[in-house]
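Just below is one structure, and these are the notes that go with it.
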Amino acid sequence: SKLAALFEHPLYNVPVPEVTEKDKLFVVNPMEKFSLHSSGSDEWVSSSKAEALLPTGKTAYDTYPTWLKFHIGINRYELYPRRDPLLPALLRDLATQRIVSSVQKSGGTQLKLIMTFPNYGQALFKPMKQTRDQETPIDFFYFSDFERHNAEIAAFHLDRILDFRRIPPVSGRLVNITKEIRDITTDKKLAKTFFISPAGNVCFYGECSYYCSTEHALCGKPDRLEGSMAALLPDKTLAKRRSWRSPWRRSYHKSKKAEWELNPNYCAQVRETPPYDRGHRLLDFIDMAILDFLMGNMDRHHYETFEKFGNDTFLLHLDNGRGFGTHSRDEPSILAPLQQCCSIKKSTYLRLQLLATEPYRLSDVLREALAADPLAPVLAEPHLQALDRRLGKVLLAVRHCLAR
């Protein structure tokens, strides 16, 4: 296994700083236990309300559902640890747990659903909109591109392979539109958009600002539909997040260019602007730009951080559905932060160099990681090969910086 060998490599075993109480997103009361109702229901309740006693010898933490353990594990330095024993169980839950509720997520340009499980865990469901081998048409603007369910799955695994660990876990899942969406939704607006197509398939389209119409309906075969299930982050009422506008945001206009596209010295003014004027924020942003270039994502207009940790923390790489749309062409402008600032974390650079070598080739390790997903193959082969080509271009950009 190339993937196992990669994660055993010394570059993937650099210790994380010691995590103190103030570095944790949540400080948990170790005496608070959770247990199942003895009535046989699947619901988790605080043990003070539970009728069933815990088996002897179990710690309170052992009683928590996997999604809650994931939330408790978040700290200043990482969303989840490198060798996280929870990860396989959490991915399995996302793929297999019974769905008890599905409602449309408000906001955003395209249709997404919030799925709830019996143990109160929740996932963000993005349905399949195009096949693996369809490319984004060359005349499409980046802001009118489809969001792809398989891009969300591949982005999670790529982010982990790059050792960023800033994307919440995502699994593919085959959903029954009738039983797992239509029959259980309490969302009246969503319920009104279901219909049976002329081919006899169950379809729906929801309400949103893009692609929510009968012409862009999501149809099952006859009621089975692929989608990505992303573990939701803690509710914002419990863990506030701050949204930051990207300094290299695109204009989102059909003919205007952004300032960074016109000013080759743009990075100099970013370096003088908080929070990029100190700490590792700019370097973290360049990490994100490299991730976006590798998957061809032009749609990074904002990013988020957990408010509790201030400016000294990692960036959340959320909403990656517009990645992996094209494999036959690369978008060099995504690398502008790296090229204009000529800065990169040494650890990131060393790992990128490692992933360009035969024993740890990026396409091979990502292919292996994606093979375990329920919807495998997640990416068409040309997308995997494009990753190796793009990685070469990232390393070339660093070499140009070094020469300068």
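Glycine residues also receive a Cβ, built from the backbone N, Cα and C atoms like all the rest.
Taken from TrEMBL as is:
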- ASP299: active site (ACT_SITE)
- GLN110, LYS126, GLU147, ALA230, ALA231, LEU232, LEU233, GLU304, ASP319: ATP binding site (BINDING)
- GLU147, ASP319: Mn(2+) binding site (BINDING)
- 194-403: domain 'FAM20 C-terminal' (DOMAIN)
**Fill in**
ASP299 (active site) sits from GLN110 (ATP binding site) (Cα to Cα, rounded, in Å) at a distance of 13
**Item:** recorded positions compared (GLU147, ASP299, ASP319) - the one with the fewest other Cβ atoms within 10 Å
**Value:** ASP299
**Prompt:** Between LEU233 (ATP binding site) and ASP299 (active site), how far is it from one CA atom to the other, in Å?
**Reply:** 21
**Message:** Measuring Cα to Cα, how many Å separate ASP319 (ATP binding site) from the residue listed as 'active site'?
**Reply:** 9
**Request:** For GLN110 (ATP binding site), list the number of other Cβ atoms lying within 10 Å of its Cβ atom.
**Result:** 19
**Prompt:** What is the Cβ neighbour count of LEU233 (ATP binding site) at a 10 Å cut-off, with all protein chains included?
**Reply:** 21
**Pairwise C-alpha maximum, in angstrom, for the residues (GLN110, LYS126, GLU147, ALA230, ALA231, LEU232, LEU233, GLU304, ASP319) that bind ATP according to the record** = 20
**Message:** So if I draw a 10 Å sphere around the Cβ of ALA231 (ATP binding site), how many other Cβ atoms end up inside it?
**Reply:** 24
**Asked** What's the CA to CA span in angstrom from GLU147 (ATP binding site) over to ASP299 (active site)?
**Response** 10
